[in-house]
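Please read the structure below before turning to the comments.
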Number of protein chains: 2
Amino acid sequence: MKLNERGLLVVISGPSGVGKGTIRKALFKIPDNNFCYSVSMTTRKPRQGEVDGVDYFFVSREEFEERIKNNGFLEYAEFVGEYYGTPMDYIEKQMDKGKEVIIEIEVQGALQVRERLPEAVFIFIVPPSKKSLLDRLKIRGTEEASKIQERINKAEREFGLAYKYDYIVVNDQVENAADRIYAIIRAEHAKTERSIHKYYKLLEEEND
Amino acid sequence: MKLNERGLLVVISGPSGVGKGTIRKALFKIPDNNFCYSVSMTTRKPRQGEVDGVDYFFVSREEFEERIKNNGFLEYAEFVGEYYGTPMDYIEKQMDKGKEVIIEIEVQGALQVRERLPEAVFIFIVPPSKKSLLDRLKIRGTEEASKIQERINKAEREFGLAYKYDYIVVNDQVENAADRIYAIIRAEHAKTERSIHKYYKLLEEEND
């Protein structure tokens, strides 16, 4: 008996610099997983080593704004002068196929998704200590000082938004954090409100 | 950072004959677990191979009723003419030590616990098919025909009570079911409502 067939939308979010991307990559290394990744779209420039269509879809401002007009995003946000968004079409299709769709987004975007798809699973990644995160943001070498300060201010505000999420996962070690997320996904499938209808249907069929 | 220190009370329940005991034993075989088992008390006679203090505390009716008077049970129930109950004292102590206390009880008892300790985690075990369970109840060789029929009727009623639980776990294979329960326990610890207070406390400390 399979109580759940539809996949879940799993939103991995948290303060900038907390290691969301690394955790997501570790998650996909779990054997026999059924995950699929929804690649975000952005107008920011690729960082060294980032690949178009893998890390992000890198598009122009014009292209991005055209898609906003056409209601083509599950969520989008402007952050430090650049757009970031989650294209919608792909996600529903994958969930219907039974895939767990993992999206990794900024806090602002996650809260938009919460409004549109409250049944999604919202996970807030936190650093093992606040200091460790602020240190990390300072040494991230790709931006000017003013942008770094902007990131730190933003992270400070985001620390306070954990209460809006379903789960809080500590990024003490990347593999631990990924394992915890995997446990959350399995548990969510077993939640009574997600599985009860199929269970009762099964009981009825056998009474026929 | 450890967001949770107190252990959980995990209630494993479901229709008679669904395999709760076998799942509980498989759960305790998971390496590095932090579980502790609360042994139930009963007035029924031991079945072959059952050990006092391990499978149950086997006590007299008088002893059991004395403990009821002294409010010494988290829950208790009378079932097919025998008492079954969960002694209370031990449980709180273990949870305070950070242990996950696993109790395995009948549906009637689980619903009593739900009223007293709503923050416990309630898991309803279901068979892979209804027929497989009814067949199992019929071949369980230790009771007379009338007791078997009583069990079947009870199981039929209990099938309908899944909606009162937090999770539904299918006992397709014992190890799978135990793994799912382990995932649920880990996920419950990550739930925002259980961990947010400690998280905010940690942020405050670092601002000092």
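Note: Cβ is positioned from N, Cα and C throughout, glycine not excepted.
Caution: TrEMBL annotation is automatic and unverified by curators.
What you are looking at is a predicted structure, and each value in this text was computed from that prediction instead of being measured.
The number of other Cβ atoms within 10 Å of the Cβ belonging to A:Ser16 (ATP binding site), over all protein chains shown, comes to 19. Look at A:Ser16 (ATP binding site): DSSP puts it in coil. The annotation ATP binding site is assigned in TrEMBL to A:Gly14, A:Pro15, A:Ser16, A:Gly17, A:Val18, A:Gly19, A:Lys20, A:Gly21.
As annotated by TrEMBL, domain 'Guanylate kinase-like' applies to A:7-186.
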Chain-internal residues near A:Val18 (ATP binding site), provided their CB is under 8 angstroms and they sit 6+ positions away: A:Ile125, A:Val126, A:Pro127, A:Leu133, A:Ala155, A:Asn171
Binding-site residues compared (A:Pro15, A:Gly17, A:Gly19, A:Gly21) - the one with the fewest other Cβ atoms within 10 Å: A:Gly21
Taking only same-chain residues 6+ apart in sequence, whose CB is under 8 Å from that of A:Lys20 (ATP binding site), what do you get? A:Ile12, A:Ser13, A:Gly14, A:Glu104, A:Ile125
Whose Cβ lies within 8 Å of the mean position of the Cβ atoms of A:Gly14, A:Pro15, A:Ser16, A:Gly17, A:Val18, A:Gly19, A:Lys20, A:Gly21, the ATP site, other than those residues? A:Ile125, A:Pro127, A:Leu133, A:Asn171
